[in-house]
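Trainee: Pulled from TrEMBL, these are the listed features:
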DOMAIN    8-268  domain 'HTTM-like'
TRANSMEM  6-26  transmembrane segment
TRANSMEM  66-87  transmembrane segment
TRANSMEM  93-113  transmembrane segment
TRANSMEM  206-239  transmembrane segment
TRANSMEM  245-266  transmembrane segment
Amino acid sequence: MLFSDLNSTLLAIAKIASIGIIINSIEQLSRRRFFQSNHLFSWSTISRFRSSLAHAKFIFPLLSKLLDYPNVLWLIIARILAAIVLFCFSNNYWLSSMAIWWIYISGLLLFNIRVIIRTGYSVFLQAIFVTLSLQRLVPNSELTELFCIWAIAIQCCLVYFENGITKLKEVEWRNGKAILRVLNNPIYISSISNWSVFKNHKFNRLLSWSVIMFELTFPLALFGGNIGLIVLLSLGFTFHLINSWALGLGTFFWVFIAAYPAIIYCNRWLVEYL
């Protein structure tokens with residue numbers, strides 16, 4: 001049965017997440033001009049907000065050498081190579097472990113210290129690799145593997161639920177205007193923003209509330225038995241696929257789908273033991 005054991009579930013999570021890393025890194029390389037001097041994400045700009053690191057005589061020069069342009073591009077390329085290793089050699093424990101640890105450490109450098117284009121899904125992707133890194137520190141421990149799978153599943157459900165609560169509190173999401181706001185956001189590459197259907201206020205409101213209700217009820221994929229699992233994961237798969245296509249968010253799809261094997265495993269665990 002698919003994702004019926006701890007090892008196959010963790011391997012599936014790692015392989016799917018590695019695809020997210022590859023796409024995310026390619027997107028960063030395509031925006032490499034932002035890392036150059038005097039741009040928004042240049043190290044000379046970011047380092048001004050790292051005053052505590054500036055006092056570290058040995059660490060700060062090393063970080064500056066590593067994170068300044070163009071060296072930061074090599075750091076991103078190394079993440080791509082590590083993700084390819086993880087995808088192709090996931091059954092090799094130590095080789096895949098080194099790839100996971102490098103992806104996690106380089107993620108800390110890029111998204112916590114350098115902070116390049118930090119989005120909600122990039123934070124969640126990093127959270128997945130934090131958990132996978134923890135599991136690799138304690139090999140052959142079923143308890144650690146179970147804990148890590150549950151951690152990913154619960155965190156995924158919380159991300160959906162928190163996003164739903166946030167949207168529910170916003171007037172523009174409740175009245176449907178947020179749909180147009182998202183589609184017209186210059187950050188995204190929307191191919192459907194000019195569709196006539198989005199000029200219909202009732203349609204936008206219905207679509208907006210559908211997204212809110214989906215995100216609020218997503219935890220039922222974990223606790224709602226087989227029906228909740230099938231319905232909500234199917235909706236989630238469709239939701240992320242459409243968003244990736246409509247908004248040009250290549251990473252968005254793979255990040256959340258990477259957590260679905262954990263949700264499937266935990267759902268079956270609850271059905272079996274409760």
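Numbers run from 1 along the shown chain.
Each residue, glycine too, has its Cβ placed from N, Cα and C.
Unlike curated entries, TrEMBL annotations are predicted automatically.
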Trainee: I need to check the long-range neighbours of the transmembrane segment (66-87): which residues 6 or more away from its ends have a CB within less than 8 Å of a CB in the stretch?
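Mentor: Sequence-remote neighbours of the transmembrane segment (66-87) are 14-15, 18-19, 21-22, 25-26, 28-29, 32, 35-37, 42-44, 46, 95-96, 98-100, 102-103, 106-107, 109-110, 113-114, 116.
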Trainee: Which of 6-26, 93-113, 206-239 has the most Cβ pairs closer than 8 Å to the transmembrane segment (245-266)?
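Mentor: Stretch with the highest Cβ contact count: 6-26.
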Trainee: Which bits of the chain, at least 6 residues beyond where the transmembrane segment (206-239) starts or stops, bring a Cβ under 8 A of a Cβ in it?
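Mentor: For the transmembrane segment (206-239), the far contacts come to 153-154, 157, 160-161, 163-165, 167-168, 173-176, 178-179, 256-257, 260, 263-264, 266-267, 270-271.
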Trainee: Compute the average pLDDT of the predicted model within the domain 'HTTM-like' (8-268).
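Mentor: Summarising the domain 'HTTM-like' (8-268) by its mean pLDDT gives 87.
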